[in-house]
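As written in TrEMBL, here are the features:
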BINDING   100, 103, 226, 231  chlorophyll a 1 binding site
BINDING   105  chlorophyll a 2 binding site
């Protein structure tokens, strides 16, 4: 009951025309979990559930500590790792997966940026912003304010779309493009929009008669590969932070 009230309150706060796309019907988190909305037929998608693997391969059984009953192997990269039981509630499990995806994608971009940035400039990543040789066309305050506005706009729309899928795919979102066509969710799965804009090279689909058609088998393989790389990148970033605390860099630790 408390969780439903919290979700409803969140939709009330963010339910302005700017964020909700003038849609009258708001979907609570429980409806989001079911993957359906009243009066709207959601795109059909085939979820391939492989045999569930254990995060401790040599151990079988072990109750909910090693083989949680609330993790059925349907999520990409699900190896039954939830010793604290954070995903018992399906609502929180869905949100945690969304958070893991976003943090993992940022971590992958950051790891590449740290290596390339230092290799190019020779400046440690944790000193780059304060280096006298750094070229910044804007003041720190202007840059911070702009980033807060732009990131706040994007993240608030993503947050609302989590509760009310596809509600943010509207024409006025980006006036310079055909938003509804380019930014709609072509796969029907949360966090994996696909389409011409998000999958321009058609790694997880094909273009037929100008229309993007998702390939379920390719998409499932890429989802698994992405979550594995994302988790590795998040661990790498944690190590980078510990190294920075000692004045070391990833390239320095590797002897470069």
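Including glycine, each Cβ sits where the backbone N, Cα and C put it.
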Subject >> Those residues of the chain, 6+ apart, with a Cβ under 8 Å from that of residue 100 (chlorophyll a 1 binding site) >> reply: 227, 230, 231
Subject >> Listed in sequence order, residues not in 100, 103, 226, 231 with Cβ within 8 Å of the centre of the chlorophyll a 1 site Cβ atoms >> reply: 101, 102, 104, 105, 107, 227, 230, 233, 234
Original post:
How many angstrom lie between the most widely spaced Cα atoms of the chlorophyll a 1 binders 100, 103, 226, 231?
Top reply: 12
Subject >> Rounded Cα separation (Å) that holds between the residue listed as 'chlorophyll a 2 binding site' and residue 226 (chlorophyll a 1 binding site) >> reply: 8
Original post:
So for the residue listed as 'chlorophyll a 2 binding site', how many other CB atoms are inside 10 Å of its CB?
Top reply: 15
**OP:** Starting from the Cβ of residue 231 (chlorophyll a 1 binding site), draw a 10 Å sphere and report how many other Cβ atoms land inside it.
**Re:** 16
